[in-house]
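Asks: Have a look at this one.
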2 protein chains.
Amino acid sequence: MAGIKDVAREAGVSASTVSYVLSGKRSISAKTTDKVMAAVEKLGYTPDASARKMRGMRNQIIALSAPIRGDINQARYNAYFLRTAWAARNAGYDVMLLTGPDAVKDIRRVTQSNLADGIVLLDVEQDDERAAQSGTFSKPCVAIGYPSSHAGCACVDIDFALMGRKAVDFLYEKGHRTIVFLRNNESDYNRHSGYVVIFRESLLAHAKELGMTVIESEHYEADSFDAQHFVSTVFAHPDRPTAIINQANASVLSQVLMALHNAGMSIPQDVSVLSCGTYFEGEPTRFPITEMPVMPEELCAEAMNLLVSAIEEHTDIKGSVELIEPALKRRGSVAEAGSGGTI
Amino acid sequence: MAGIKDVAREAGVSASTVSYVLSGKRSISAKTTDKVMAAVEKLGYTPDASARKMRGMRNQIIALSAPIRGDINQARYNAYFLRTAWAARNAGYDVMLLTGPDAVKDIRRVTQSNLADGIVLLDVEQDDERAAQSGTFSKPCVAIGYPSSHAGCACVDIDFALMGRKAVDFLYEKGHRTIVFLRNNESDYNRHSGYVVIFRESLLAHAKELGMTVIESEHYEADSFDAQHFVSTVFAHPDRPTAIINQANASVLSQVLMALHNAGMSIPQDVSVLSCGTYFEGEPTRFPITEMPVMPEELCAEAMNLLVSAIEEHTDIKGSVELIEPALKRRGSVAEAGSGGTI
DNA sequence: TTGTATGCGTTATCAA
DNA sequence: TTGATAACGCATACAA
């Protein structure tokens, strides 16, 4: 393990000169620079991260808190892991994964020991312990989500209340008056996963305002959804619905699409489908579905912006809230009610 | 940021006494211990990670290399992320995520700077650059997978060649003679993802030995799979197949199951289904499917065992290969050919 | 049983 | 333009 002294000896200069050559904080003669760089190359020198942090420098590490709660299948958080890691790396940071069930303990461990320079909170619940405690963390903290108690951290989220209204408006303008709401699996509502609840309530409230009829799917647990049953039940309704707003995952929706197909219903000619709060980018779906997706890329990038500015410029981000306007990805699964034209 | 000196002052003892109280490497009077612990509590003291590493201690960090390659949807690696993090934490380590496209560069950065104490390689290809270079890494390395060039690291993987044979034997013993092989999407074969290729070849070879007929599904890309077409094509074969071995993901398989159902075929009465190299634990599938799954939990735990023993006891793990015997999860989707009994 | 002194590898300050 | 040196916070060898 070659250190700065070894490089200095090899190059025939002092250790501080090597440091300055590498940092560029002092003008160094071309000749010295060459000698030093040659020695660095030869010895494969890389500064020791701990030693440099001892001198007050940062560690360039962001902690990503994604606690495993019970038996929840967290596959959908993968996009956030990867996007956070990507955004962090672009800003010169590495990402450390904190998945222990006692998230606050994990966060304290890595912040108090000065391992991490900042924290990103994932899978934020309405009533989130981490966000509530964030004021006492010794490093800046950003939540991807919108917990009720958030005075100690910044929040970045999609405006799911707005998404609910936009989804309803979108269908209403196309002439739809009776629609189906395909719920997520129950466990997500039970654990008060913030956005799942907010979107649903906003959707139902706004539909009511407009006088629309919303038929909600029955409750189901992750592995017990029966698409055939869902389709036959829902379309037996006296006011035959003309559209589906989906909040369930790709697997459940795939089954519904297949069931619709089997029941002889075409999309969007016979029924429009709009999926909200999902993320089908790159998913192998048989039919492309118009979507107001969650936006891991945008959220993680913005969260990282805030965090880095708090870390590097000591910007005060505590309590700030940034709600991103939901986007609509048109993929042709929504049409005028009763018509055959696609949108 | 309270340091060890602050604690010492608060407790009215010397810094070394505080250190010894915390490490327990010296016998300390109960009175002193109490005073020190009280001060630690009061000031919320946590030793600085960098400073302690300067003293030759470890950083307790494992780097997890999972490079993003092109547009591949890596959702299936989520289980490995979580299992690795879990196993690491049990051993007292945190996990750092390395997802940059230049994986070797990332690994060198965190190992040469002494940030990480060891490396786990994920998403290992047949011809893996990281594994090939692992001999030159300055920290121990374990690959979850079985790359051809692996002299510098330990390998932990499922024995996919054995899995191929076991899958075939299992169906053969049940009387199946003509079977369908449902391929994974093409991109996985194209990028020479090790296990996907090995399993398929072993399966085909062993089926040939036994004189079985294997009908392979057509090639498809992730978003263009047509289950109806697949079912109608495959079961139009003169020797009507009695079983399906699946290597595709949950979404594709779901569609096939639905299509079979629509075609009036019951599982396992009319057709047996065995899924291999997949992982449906906790997946919301309409029909439970007998499976020889990948085993993230076992693989990650074993990888971590090896890595920790290399880190902490300097065990030489270079070049070692550990192939785990595939397990069979019976979920009732396989029966005797032509009978109605489930297994 | 406890305290003092040293050094880990850097970077910043001061001196040349 | 460069070199010597102090200091960062901790763990340990040594001294008491």
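Note that Cβ sites are derived from N, Cα and C of the backbone, with glycine treated the same way.
Here's the feature list from TrEMBL:
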DOMAIN    B:2-56  domain 'HTH lacI-type'
DOMAIN    B:5-32  domain 'HTH cro/C1-type'
Asks: Short question: which residues 6 or more past the ends of the domain 'HTH cro/C1-type' (B:5-32) have a Cβ under 8 Å from it?
Replies: 38-40, 42-43, 45, 47
Asks: May I have the DSSP-based helix, strand and coil counts for the residues of the domain 'HTH cro/C1-type' (B:5-32)?
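Replies: Reading the DSSP string over the domain 'HTH cro/C1-type' (B:5-32) gives 19 helix, 0 strand, 9 coil.
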Asks: Could you tell me the mean pLDDT over the domain 'HTH cro/C1-type' (B:5-32), as a whole number?
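Replies: Summing pLDDT over the domain 'HTH cro/C1-type' (B:5-32) and dividing by its length gives 94.
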